[in-house]
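A quick write-up on the structure given underneath.
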Amino acid sequence: MSTDESEDVYSDLYSIISQVTSNTANDIEQLPYALTFKTSLIFVGATIGGLLFGYDTGVISGVLLSLKPEDLSLVVLTDVQKELITSSTSVGSFFGSILAFPLADRYGRRITLAICCSIFILAAIGMAIARTLTFLICGRLLVGIAVGVSAQCVPLFLSEISPSRIRGFMLTLNIIAITGGQLVSYVIASLMKEIDNSWRYLFALSAIPAILFLSILDFIPESPRWSISKGDILYTRDSLRMLYPTASTYHVNSKIKQLIIELDKLRLYEDASEPLLVQSQSVIRYMDSSTSGTLSPPNIKRLSSNTERTSNTMSSSSAYLSALRGPAPNGALASNKKKRHRMEPRTIRALIVGCMLMFFQQITGFNAFMYYAAIIFSKFNIKNPLLPPILIASTNFIFTFFAMYTMDSLGRRAILLRTILIMTVGLLLCSVGFGHDQVNLLLISVVIYVAAYASAMGSVPWTCVEFLPLNRRSFGASCIACTNWLTNAFVSMTYLSTINTIGDENTMLIFAFFTVCAWFFVYFWYPEVKGLSLEEVGRVFDNGIDVHYVFRTYH
């Protein structure tokens, strides 16, 4: 590894913290893990953000059906105004996705989620009591900010607090919470459709999960990786005891030592003059058998004294602290304090692929059905136009499970190439259904489209962050999320106006055109990375985009 590569790979500490998983204290990870009531409460509580994400993005379909002009002091509620109400959440989510990582790194994952839930509550109340269009749009913008932050922070938090044995399950649970939240919003809207001003109740109900999260906040620990990066050993130890209730003091302390070793190695590339425990930006809380205190950097002698006297927290501390000073490997500049902002060409190519695939995820029209399904099917004089949206959301929910169990086994590229073709067929059938007023054909074709979408396109673009080197993942995840929300906002802001201008059937043809473009994009530029290490993923983008690297190398 060259000096430039070393500086580039290790320059961003906090983006790497979230990736320190596989080599962190194997002893504690190998313990049998049994979910207790308290640990279940922690993990379920952490997924409340995903539930709110799904509910607040799905609820708008039922709201638009029950919202009346006089409710907002209007003479008429135009399609453009409906589009503004709908798309304002996506606009807010764009800004939320930008704020997510800075907030999570500065205040911690737990506090950031608490801030999100507070915003969810405030926005829910504001939207429920809104008497003007402007006030309602402001409420939707506010909830969008919370959605954008939680969409980024919840998976990060879960990946950092989950034991390796259940990490995949917990991340899956978050996806289930999102799609389940959308389904719940449709079901509740259907049950409340005969109630006057039901849209106010639909908005108000979104405050309940947020209140539940705040009520159990004291039982949810901070990410150990974040707290150790801040030098708070005492809090890290308490968090680990909550997350691993069967672990002994030895296992907990081993985990802490391994975390410190990993993080200190990373910091060597920024400033190797002092190990993590005595770096100038860290204030270490340290508890030994008789005392607890705050150790500031100048108190090096006191630190040495404490570590020598402490047997439970850190054994052989003098040798341990000396070991942390190990040389930066491969000639990296140990005293480098400058942050490198230049991205390598291969990183730029990888980021473009991720953003483009996310663009196609949204421009192919999925959220047009999610947001406006009730309006779409109300044109066909269906007794309950909220029943088709429930079927659509149920299809999305069920086939999301299919995606989670096939992406790694079949490969993302292979499943994308197959399901995008099915999406295209579904949209073409939608166009026929609209053109001939065949509601049954329309419903079947939408279900086909949504099933294919949920099987790959709904999930795969979010995994493109794995194309990026560790020190660019936070930035790359924000870019990919921003692409999602901006394209989402564009589709939701123009859909009703478009169908009024060129008709439903032609709008479906436009979506079908973009799915064809997406297929060619995947075929020529989206590589398969199944089973590749981080270094090998980088090689895929070394000279252009080698989409056949896996097959040429391993088959």
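If you go along the chain as it appears here, the first residue is 1 and each next one adds 1.
Cβ coordinates are placed from backbone N, Cα and C, and glycine is handled just like the others.
Summarising the annotation, Swiss-Prot assigns topological domain 'Cytoplasmic' to 1-39 (among others).
For the transmembrane segment (40-60), same-chain residues at least 6 beyond its ends with a Cβ under 8 Å from one of its own Cβ atoms are 85-86, 89, 113, 116-117, 120, 143, 146-147, 150-151, 153-154, 157-158, 161-162, 166, 170, 173-175, 177-186, 188-189, 202-203, 205-206, 209-210, 212-213, 216, 219-221, 242-243, 367, 370-371, 393. The transmembrane segment annotation in Swiss-Prot covers 40-60 (among others).
Note: the topological domain 'Extracellular' (61-83) comprises 15 helix, 0 strand, 8 coil (DSSP; helix = H, G, I, strand = E, B). According to Swiss-Prot, the feature topological domain 'Extracellular' maps to 61-83 (among others).
As annotated by Swiss-Prot, transmembrane segment applies to 84-104 (among others). Within its own chain, the transmembrane segment (84-104) has Cβ neighbours under 8 Å at 14-15, 56-57, 60, 63-64, 67, 112, 115, 133, 136-137, 140-153, 156-157, 226, 371-372, 474, 477-478, 481-482, 484-486, 488-490, 492-493, counting only residues six or more beyond its boundaries.
Within the chain carrying the topological domain 'Cytoplasmic' (105-118), a Cβ under 8 angstroms from the stretch's Cβ atoms is held by residues 14, 46, 48-49, 52, 146, 149-150, 153-154, 156-157, 160, 210-211, 213-214, 217, 220-223, 226-227, 474, all 6 or more beyond its ends. Annotated topological domain 'Cytoplasmic' per Swiss-Prot: 105-118 (among others), in sequence order, evidence recorded as sequence analysis.
Swiss-Prot lists 119-139 (among others) with the feature transmembrane segment, giving sequence analysis as the kind of evidence.
Summarising the annotation, Swiss-Prot assigns transmembrane segment to 141-161 (among others) and lists sequence analysis as the type of evidence.
Here Swiss-Prot flags 162-168 (among others) as topological domain 'Cytoplasmic'.
Look at Swiss-Prot and you will find 169-189 (among others) tagged as transmembrane segment. Counting only same-chain residues 6+ beyond the ends of the transmembrane segment (169-189), those with a CB under 8 A from a CB of the stretch are 43-44, 46-48, 50-59, 61-63, 65-66, 154-155, 158-159, 162, 198, 202, 205, 370, 374, 386, 389-390, 393-394, 396-397, 400-401, 404, 454, 459.
Sequence-distant contacts of the topological domain 'Extracellular' (190-200) (same chain, six or more residues past either end, CB-CB distance under 8 Å): 62-63, 65-67, 71, 127-129, 384, 386-387, 390. Swiss-Prot lists 190-200 (among others) with the feature topological domain 'Extracellular', giving sequence analysis as the kind of evidence.
If one looks beyond the transmembrane segment (201-221) by at least 6 residues along the same chain, the residues whose Cβ comes under 8 Å of a Cβ in the stretch are 38, 41-42, 45-46, 48-49, 51-52, 55-56, 59, 62-63, 66, 110, 113-114, 116-118, 120-121, 123-125, 127-128, 139, 143, 161, 185, 188-189, 192, 195, 238-239, 242-243. The transmembrane segment feature in Swiss-Prot is assigned to 201-221 (among others).
Under the heading topological domain 'Cytoplasmic', Swiss-Prot lists 222-356 (among others), citing sequence analysis as support.
The region 'Disordered' annotation in Swiss-Prot covers 289-313.
Feature annotation from Swiss-Prot assigns transmembrane segment to 357-377 (among others).
Each residue in the topological domain 'Extracellular' (378-384) has a pLDDT score, and their mean in this model is 86. What Swiss-Prot records for 378-384 (among others) is topological domain 'Extracellular', and it gives sequence analysis as the kind of evidence.
Residues annotated as transmembrane segment in Swiss-Prot: 385-405 (among others).
The transmembrane segment (507-527) makes contact with the transmembrane segment (357-377): 3 or more of their CB pairs lie within 8 A, with pairs spaced 6 or more apart in sequence. Recorded stretches compared: 357-377, 385-405, 475-497; the one with the most Cβ pairs under 8 Å to the transmembrane segment (441-461) is 385-405. Beyond the topological domain 'Cytoplasmic' (406-413), the same-chain residues lying 6 or more positions past its ends with a Cβ under 8 Å from any Cβ of the stretch are 455-456, 459-460, 463, 522, 526-530, 547, 550.
Helix, strand and coil content of the topological domain 'Cytoplasmic' (462-474), in residues and according to DSSP, is 11 helix, 0 strand, 2 coil. Here the topological domain 'Extracellular' (378-384) has, by DSSP, the following mix of helix, strand and coil residues: 1 helix, 0 strand, 6 coil.
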